[in-house]
Amino acid sequence: MLNAGIAADSYTFSCILKCFAASGSVKNGEWLHGYLLKLDLAACSCSVVNSLLSFYAKVGRVESARKLFDELPQRDVVSWNSMISGYVANGGSEEGLEVFKEMTSSGTKPDIFTLSAVLHACASSGSLESGKSVHNYITGQGLESNLFVCNALMDMYAKCGSMEDASLVFSQMPVKDIISWNTIIGGYTKNDLPNEAVHHFATMVSGKWEPDGRTISCILPACASLSALNMGRQIHCHVLRNGHHLSDDRHITNALVDMYIKCGALVLARSLFDTMIPSKDLVSWTVMIAGYGMHGFGKEAIRAFEEMRRDGIKPDGVSFISVLYACSHSGLVNEGWRFFNIMQKECKIEPSLEHYACMVDLLSRSGKLQMAYEFIKGMPIKPDATIWGALLCGCRIHHDVKLAERVAEHVFELEPENARYYVLLANIYAEAEKWEEVKELRVKIGRRGLKKHPGCSWIEVKGKVHVFVAKDGSHPEVRKIEALLRKVREGMKKEGFSPKLRYALMNGDDLEKEMALCGHSEKLAMGFGILNLPPGKTVRVMKNLRVCRDCHEMAKFMSKTTGREIILRDSNFFHHFKDGSCSCRGFW
């Protein structure tokens, strides 16, 4: 065009700068900037200068954008928006907030795009205080009912962890769209409030709203968190009925596979995974490998990992974490070392704290406690509480009180306010019947004002979730459940099983300890499932803490005597009990 002698106008320059930004052509953009300077940039229209600003921001040259911005003789709202968005898109949320303050003090009135950009800055930086300040400004400008602004506000509050504020904005919106529903559902899911996410999803569907792909991706992790298999299946059916093509949307399919895995339906997860030919990506494989690890099928996880590599997909740090975790929970020490070395030598991936934690966990669970201790000491990066905590868990499994005391010193120094580690050491002392040490630790926990999470288990029966807390007698069927558990215990004794009284974690006589063990929440949930589910139906129980060995033994016995499969998910692992044995083979 230029060679033909045709003069470019403002629209031409704006269009070509958008092209350069989209293709990342930095040199071409800089050449055009120089060309405009020769033409007298100051004489160019505001739209051309704003396009140049936007170009620099989109190609990551935010310093050049700022220099140009500072030299502008006049700025309109688009100029300010481009500068704020440029900072936020390039990780400069704080700088974006500063530009917003400059803008308001300069007398330029922000529009809805400005407010959306600055709320995104607050969300990215996690600055709830700044977000509330912007919210106050929005209210003062009478924009609190604008749909676009309200959606941005909800997103900001959700990403800053304040779901109460997000919910308040949502409830006061005069008009909602699909983005509004997705934002509130996704916010609850990401803030570990799955019940609320499920409630809002049900309300959305009953209100005749049609979920889209984003909605499905937001609600499936909530189903996975609750192990709500029936709801997850209903959503899967909804996806199929409403024409979402799973083969075309890997994100939804990956979320469905993950949901089935975390609901204990590993066979269904693998069946769906196999239908993804040829569209499996690294995320698909990593989800499946991690799923095998969670369910104690370490060899299957290794086979999947090697199949992924044969398919030409290069593993990343996360996929190595998944396969190392699988080795750890299946006692595959040699295989774990092999993958740890492959990661560094063949794939040139530097181990992170998560990789080191997997290796410590692998050694600790396998009883190589001293080797794990030396491994930590030789780490090139400083170990965190998670790494020392993995060794502390190993000390509990293998009843090494002396090493546990040494390890606990490191943990308490790194995370002095984390009650979990104090409780873990107290349990190690209790299992060793060191009651004075238990008493001292409990006093320390009370003095620091730390709170222990109570043991809690839940089970879904006929579409309703029933929750059980340790020693809680409030459930209407608790007497029937207790009677069933006593009968099971008597049957176990007749076959030579003795209660694992050390896991009662209390100083009392054997009868008191046995009664305490019967009150563990997972036993109550399993008993309720056996009483209320049809014969032969799989019993699926979830627990928020690690299952104790006495409950583990009882679950094995129950699976044998009732002819049922019992799937018990604790805080980090799935146990599949069938015909008197468990998939974990003692490694969990």
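Even glycines carry a Cβ here, placed using N, Cα and C.
The repeat 'PPR' annotation in TrEMBL covers 76-110, 146-176, 177-211, 281-315. Summarising the annotation, TrEMBL assigns domain 'DYW' to 496-588.
Long-range contacts of the repeat 'PPR' (76-110) within the same chain: residues 46-47, 49-50, 53-54, 56-58, 60, 62, 65-66, 69, 117-118, 120-122, 124-125, 127, 130, 134, 137, each at least 6 residues beyond the stretch ends and with a Cβ under 8 Å from a Cβ of the stretch. With a cut-off of 8 Å between Cβ atoms, the residues of this chain six or more beyond the repeat 'PPR' (281-315) that come close are 250, 253-254, 257-258, 261-262, 264, 266, 269-270, 273, 322-323, 325-332, 335, 339, 343, 347, 572-576, 582-585, 587-588. Note on the repeat 'PPR' (177-211): mean pLDDT across this stretch is 94.
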